[in-house]
Amino acid sequence: MVGFASAGTRFTTRVRSENVWAFQSLSLILAGSRILLAIQYTVNIFFVYKKMKPAAKGMSAIALTLFISSLVYLGMYFAFLRRHELRSYIWTVWFALFGLEMWIIMGLSCVTQGIGFQDTHLNVRMGLLTLIIIGEGVIAVTRIVNKTVRPGGWTKWSFVHILGVTTNVYFTWQAYYDLSPTSVLGKFAHQLWAQLHFPFHVVLILLLEGSQILALTLDVTLKLTYLAETIMFACEEPRPKPGVAINLLKSTIADMEIDYSKGIKEQQAISHILEDLSNGPLCPANGNPAATYALTSDRMGDLMGNVTAALFSSMGITPSEKIDISQLNSSQLLRMYMEVLGFVYVYYFITAALAMGLFAAFVLLTRRHKSKLYTGISIAVRVVLAVFLGGLSLFASYFALAYSFMTSPVILYAFTLILLAVLLLDRLLDYLTTRKESKRTPHTQTQESEGNDLKLLTPVSEVVVIAPPPFRLSISERNVS
């Protein structure tokens with residue numbers, strides 16, 4: 001984590017002279033981590049060798065594997081120094097080694113007696129790590145609230161957007177902990193359950209990050225809608241005074257609290273347009289429509305376009321240098337930025353589909369339902385919904401459809417509603433299971449009571465024989481001294 005944080009944006013799919021140091025430092029960090037793990041296993045071998053020789057042999061093989069992989073990572077450090085055609089792709093060896101290490105260690109722990117995840121704290125640790133990741137999503141929600149609500153206060157649409165992101169985080173947490181293991185898993189099932197958490201955590205991070213970007217995009221479109229309504233209000237009947245209308249435009253833009261650190265040109269253009277509005281009539285005169293006025297359609301388009309560019313640049317989204325945004329009107333500019341965000345749209349629904357698929361795997365591994373039929377229903381529904389979520393990403397090929405979806409709050413509730421449907425399905429299956437068991441219980445108790453017709457009670461040498469109703473017979477026998 002420290003290595004990736006230090007690399008930052010320099011970690012790309014291409015190795016160049018200016019970012020090669022990031023790949024070298026990551027290789028050294030990976031080599032050092034493997035050496036430390038090998039030392040930890042060696043220390044464990046020293047303590048368990050006499051009592052658990054099979055486990056010691058298995059851990060010796062694991063320590064040797066980690067030591068060899070550390071040498072490979074160390075060799076990659078020197079491989080990045082040389083300039084050749086394959087240098088740009090050397091980093092892919094990392095992921096091959098990750099997979100090789102995982103499967104070797106997993107295989108050894110499955111076949112070696114005394115090594116495994118059973119009777120360990122892994123369930124708790126994995127649950128806590130998942131909770132930390134979801135907690136990061138909660139922190140991100142507070143940041144979104146700060147960006148969207150602080151400038152202009154709560155509105156009905158800001159409430160809808162925040163509610164969508166919040167319920168998304170909550171139902172994701174509920175859907176995961178609803179599938180936590182409630183009994184001891186098998187050795188292989190426990191291994192698989194643990195390994196699936198690593199892609200699951202990656203999916204969770206991407207999913208929560210994608211929902212935040214989509215929420216901020218909706219906030220941008222909402223602010224642009226308010227600005228357009230303010231511009232139209234300036235020339236509507238009954239018209240406000242020009243000074244009042246201009247101040248209202250300035251306050252509307254100021255309430256957006258735009259970070260102009262990456263949009264200095266847009267800030268200058270916006271200030272220039274607002275200053276020019278006070279130099280003459282603001283709107284066309286009713287008696288003389290041909291007279292000159294300041295708030296023309298071109299001027300409105302320039303104002304909307306510069307505000308749009310400034311809002312997206314404050315999110316860190318800037319167009320390619322090849323694109324001349326001065327040649328685009330406000331609607332074309334917004335559409336262009338939405339096309340840039342099309343990648344976010346695609347990966348959001350792909351990660352949502354992967355999350356639902358992993359939930360289906362967790363249902364199978366943790367035996368969420370006692371009945372095989374109900375387990376099959378729960379898995380099948382999750383798989384179908386995963387395919388549906390993946391299909392939503394195909395909207396990106398028809399941008400008009402994707403654009404209308406991305407600018408609607410429905411996009412924030414798509415995954416939330418699907419999670420809610422899955423949770424309700426599990427509750428329904430739990431209810432049916434409980435109802436079926438409750439029907440069996442009285443019948444079983446009746447059979448047990450009918451089989452126990454005779455009971456022996458011996459107070460003061462008295463024998464009482466109780467027959468089934470309606471016949472009842474008591475026989476008393478007293479001792480004669």
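Placed from the backbone N, Cα and C atoms, the Cβ positions cover glycine too.
Look at TrEMBL and you will find 20-41 (among others) tagged as transmembrane segment.
With a threshold of 8 Å between CB atoms, the same-chain residues lying at least 6 positions outside the transmembrane segment (61-81) that come near it are 15, 20, 23-24, 27-28, 30-32, 34-35, 37-38, 41-42, 45, 87, 90, 93-94, 97, 100-101, 104-105, 108. The transmembrane segment annotation in TrEMBL covers 61-81 (among others).
TrEMBL lists 88-106 (among others) with the feature transmembrane segment.
The transmembrane segment feature in TrEMBL is assigned to 126-145 (among others).
For 157-176 (among others), the entry in TrEMBL reads transmembrane segment. Within the chain carrying the transmembrane segment (157-176), a Cβ under 8 angstroms from the stretch's Cβ atoms is held by residues 130-131, 134, 137-138, 141, 144-145, 148-149, 204, 207-208, 211-212, 215, 218-219, 222, 355, 359, 362, 409, 412-413, 415-416, 419-420, 422-423, all 6 or more beyond its ends.
Remote same-chain partners of the transmembrane segment (340-365), defined as residues 6 or more beyond its termini with a Cβ less than 8 Å from a stretch Cβ, comprise 172, 175-176, 179, 181, 185, 189, 192-193, 196, 199-200, 203-204, 206-207, 210-211, 213-214, 217, 317, 319, 375, 378-379, 382-383, 385-387, 389-390, 392-393, 395-396, 399, 402, 405-406, 411, 414-415, 418, 422. For 340-365 (among others), the entry in TrEMBL reads transmembrane segment.
According to TrEMBL, the feature transmembrane segment maps to 377-404 (among others).
Distant neighbours of the transmembrane segment (410-429): 161, 164-165, 167-168, 171-172, 174-175, 178, 207, 211, 214-215, 218, 345, 349, 352, 356, 359, 368-369, 371, 374, 377-378, 381-382, 385, 388-389, 392; these residues of the same chain sit at least 6 beyond its ends, with a Cβ under 8 Å from one of its Cβ atoms. Under the heading transmembrane segment, TrEMBL lists 410-429 (among others).
Through the fold, the transmembrane segment (88-106) approaches residues 13-15, 23, 26-27, 30, 61-62, 65-66, 69, 72-73, 76, 79-80, 191, 195 of its own chain, all at least 6 residues removed from its boundaries and within a Cβ separation under 8 Å.
Below 8 angstroms of C-beta separation, residues 335, 338-339, 342, 345-346, 349-350, 352-354, 356-357, 359-360, 363-364, 368-369, 414-415, 418, 421-422, 425-426, 429 of the same chain, each at least six residues beyond the ends of the transmembrane segment (377-404), sit close to that stretch.
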